[in-house]
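The domain 'EF-hand 1' feature in Swiss-Prot is assigned to 6-41; the stated evidence is sequence analysis. According to Swiss-Prot, the Ca(2+) 1 binding site annotation covers Asp19, Asn21, Asp23, Glu25, Glu30, on the basis of a curator's inference. Residues or ranges marked as domain 'EF-hand 2' by Swiss-Prot on the basis of sequence analysis: 42-77. The Ca(2+) 2 binding site annotation in Swiss-Prot covers Asp55, Asp57, Asp59, Lys61, Glu66. Residues or ranges marked as domain 'EF-hand 3' by Swiss-Prot on the basis of sequence analysis: 93-128. Positions annotated as Ca(2+) 3 binding site by Swiss-Prot: Asp108, Asn110, Asp112, Glu117. Look at Swiss-Prot and you will find 129-164 tagged as domain 'EF-hand 4', backed by sequence analysis. Swiss-Prot lists Asp142, Asn144, Asp146, Thr148, Glu153 with the feature Ca(2+) 4 binding site.
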Amino acid sequence: MASTQNIVEEVQKMLDTYDTNKDGEITKAEAVEYFKGKKAFNPERSAIYLFQVYDKDNDGKITIKELAGDIDFDKALKEYKEKQAKSKQQEAEVEEDIEAFILRHNKDDNTDITKDELIQGFKETGAKDPEKSANFILTEMDTNKDGTITVKELRVYYQKVQKLLNPDQ
């Protein structure tokens, strides 16, 4: 883990190097270019994290004042790591939800779930109207409207649910 001094030096270097118009502000585009230069795995995501930590007024720019103000770098790093841990936990929850859904409804051990499998699953769980429940699920999850639900469609659906439950993430 980098020391606070290293972080301060890196931020100053970033300002000196990538504040292209020398206005004392870093835009998201400048940050993305910075991380590309550093050969970051995902420069856009790195820029987003940078802005989540340092763009205190959420105006889409990181200013020298925001960087040099009352920033507690250790606290900022801790918050960043907590957000990362929460994000990983949410990803794990999505995968658990997908697995549970597949186990409950997939009757022929392939990866797609059909309307008939949904109906059968709802019958087994005692749903009042299994066909209506199946139709609702297909309407919500079957994005390509082919009559089956794929793992990809499940993942997209459960990620949307996570975002609704955790809008600040």
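Keep in mind that glycine also has a Cβ here, set from the backbone N, Cα and C atoms.
Feature map: annotations from Swiss-Prot on the structure.
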residue: Asn21; record: Ca(2+) 1 binding site; DSSP (3 states): coil
residue: Glu30; record: Ca(2+) 1 binding site; DSSP (3 states): helix
residue: Asp55; record: Ca(2+) 2 binding site; DSSP (3 states): coil
residue: Lys61; record: Ca(2+) 2 binding site; DSSP (3 states): strand
residue: Asp108; record: Ca(2+) 3 binding site; DSSP (3 states): coil
residue: Asp142; record: Ca(2+) 4 binding site; DSSP (3 states): coil
residue: Thr148; record: Ca(2+) 4 binding site; DSSP (3 states): strand
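A straight line from the CA of Thr148 (Ca(2+) 4 binding site) to the CA of Glu66 (Ca(2+) 2 binding site) spans 50 Å. With a threshold of 8 Å between CB atoms, the same-chain residues lying at least 6 positions outside the domain 'EF-hand 4' (129-164) that come near it are 90, 93-94, 97-98, 101-102, 111-115, 118-120, 122-123. A gap of 10 Å separates the Cα atoms of Asp55 (Ca(2+) 2 binding site) and Glu25 (Ca(2+) 1 binding site). A mean pLDDT of 86 is what the model gives for the domain 'EF-hand 3' (93-128). Neighbours of Asn21 (Ca(2+) 1 binding site), defined as other CB atoms within 10 A of its CB across all chains, total 8. Residues Asp108, Asn110, Asp112, Glu117 make up the record's Ca(2+) 3 site, and a Cβ search at 8 Å around their centroid adds Asn106, Lys107, Asp109, Thr111, Ile113, Thr114, Thr148 from the same chain.
Take the Cα of Glu153 (Ca(2+) 4 binding site) and measure to each of the binding-site residues Asp19, Glu30, Glu66, Asn110, Asp112: the nearest one is Asp112.
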